[in-house]
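The next block holds one structure in the form of structure tokens; read it before the comments.
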Amino acid sequence: MNDVIIRQLAHLIPYQPLWEAMQTFTARRQSQTTDEIWFLEHEPVFTQGLAGKPEHVLNSGNIPLIRTDRGGQVTYHGPGQLMMYLLLDLNRLGLSTRTFVRTIENTVAESLQEWGIPAQGKETAPGVYVDDKKICSIGLRVRKGFSYHGLALNVAMDLTPFSCINPCGFKGLTMTQIQDYVNPIEMDAVKRTIIPLFLKNFGYNQPAIMVETSLEFLIDDHLRSFSEKLGERETVTNSRQN
């Protein structure tokens, strides 16, 4: 069993600084760094993946469009959508990228089935679907065995912005959400359902759960930890030189 830290961000988070925080964490983590999962909701934003094609953005309007370094095509993030950013050491977990994606899909589908929603993954396209409607999108990046980015689960949101794009590069793809099947639905209830399943399916111990009131605190925490490790290295180096 491995350890994991779960961070729940308490406010709507803009995409750009969160993306930069993921990159910083991933670039500076080491083999002994504890895995983290970040739960949050974003301010409205379209994100274009590495494989993204301009023709799939039909009309972004006043919503920002950010080209990012995850896999996949264009999608939408906004309030009422649960983001789970998975900052994991796949080598330590013994997972290939393909198995990692399938485990995410199966875990999300299993959590939705607990709400009576007949969700499942598809062999032909990443994500989780209810019939032919997409309820959860997955976009990842793996660098040196470390994953970042993650999944977007539609809970109770305004789905209208999805009509401004071809979601995930599929023309005519219909998006759905938990609220269409379970109403009312609370975000915290969804988290309480999905967290234990992630722990079980990925082999994690009971997590340390931290509620963050600002992204700045999150970034500062990682930078401080990195600085402390550098200080320890300098102390060891100096002692050897002396």
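Placement of Cβ uses the backbone N, Cα and C atoms for every residue, glycine included.
The domain 'BPL/LPL catalytic' annotation in Swiss-Prot covers 31-206 and is backed by sequence analysis. The feature substrate binding site is assigned by Swiss-Prot to R70, G71, G72, Q73, V74, T75, Y76, H77, S137, I138, G139, G150, L151, A152. The feature site 'Lowers pKa of active site Cys' is assigned by Swiss-Prot to K134, with sequence analysis given as support. Sequence annotations record features per position, and here Swiss-Prot assigns active site, acyl-thioester intermediate to C168 based on sequence analysis.
Structural mapping of features recorded in Swiss-Prot.
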| residue | record | Cβ contacts under 8 Å, 6 or more apart |
| --- | --- | --- |
| R70 | substrate binding site | T47, G49, L50, G139, L140, R141, H149 |
| G72 | substrate binding site | G49, L50, A51, G52, P126, S137, I138, G139, C168, G169 |
| V74 | substrate binding site | F46, T47, Q48, G49, G52, H56, V57, L65, I165, N166, P167, C168, G169 |
| Y76 | substrate binding site | P44, V45, F46, I63, P161, F162, C164, I165, P167 |
| K134 | site 'Lowers pKa of active site Cys' | G127, V128, P167, C168, L173, T174, M175, T176 |
| L151 | substrate binding site | M83, M84, L86, I104, V108, C136, S137, I138, G139 |
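C168 (active site, acyl-thioester intermediate) falls within a helical segment according to DSSP. Across the residues of the domain 'BPL/LPL catalytic' (31-206), the predicted structure has a mean pLDDT of 97. Over all protein chains present, the Cβ of C168 (active site, acyl-thioester intermediate) has 23 other Cβ atoms lying within 10 Å. For S137 (substrate binding site), the number of other Cβ atoms no farther than 10 Å from its own Cβ, over all displayed protein chains, is 24. Between the farthest pair of Cα atoms in the substrate binding residues (R70, G71, G72, Q73, V74, T75, Y76, H77, S137, I138, G139, G150, L151, A152), the distance is 15 Å.
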